[in-house]
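Database features (Swiss-Prot):
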type     : residues : note
REGION   : 1-25     : region 'Disordered'
MOD_RES  : S2       : N-acetylserine
MOD_RES  : S2       : phosphoserine
MOD_RES  : K6       : N6-(2-hydroxyisobutyryl)lysine
MOD_RES  : K6       : N6-acetyllysine
COMPBIAS : 7-19     : compositional bias 'Basic residues'
MOD_RES  : K10      : N6-succinyllysine
MOD_RES  : K10      : N6-(2-hydroxyisobutyryl)lysine
MOD_RES  : K10      : N6-lactoyllysine
CROSSLNK : K14      : ubiquitin cross-link
CROSSLNK : K16      : ubiquitin cross-link
MOD_RES  : K37      : N6-(2-hydroxyisobutyryl)lysine
Amino acid sequence: MSGRGKTGGKARAKAKTRSSRAGLQFPVGRVHRLLRKGNYAHRVGAGAPVYL
């Protein structure tokens, strides 16, 4: 008996777009996808579409 009681799991937070996190108007997720698909580099960092 571990005696943990009725512990509820944490509820998942509401999805927040990367554009709203960065305070931008253009779609950061879409730009990131296009950077990856466009063969611009082997690896694309998470901040690349924000600073572009």
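Backbone N, Cα and C atoms are what each Cβ position is placed from, and that goes for glycine too.
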Count the Cβ atoms, other than its own, that fall within 10 Å of the Cβ of K6 (N6-(2-hydroxyisobutyryl)lysine), considering every protein chain shown. 4
Would you say which of the recorded positions K10, K14, K16 has the most Cβ atoms within 10 Å of its own Cβ? K16
Please report how many Å separate the Cα atom of K10 (N6-succinyllysine) from that of K37 (N6-(2-hydroxyisobutyryl)lysine), as a whole number. 35
DSSP output for K6 (N6-(2-hydroxyisobutyryl)lysine) maps to coil
Going by DSSP assignments with H, G and I as helix and E and B as strand, what are the residue counts for the region 'Disordered' (1-25)? 5 helix, 0 strand, 20 coil
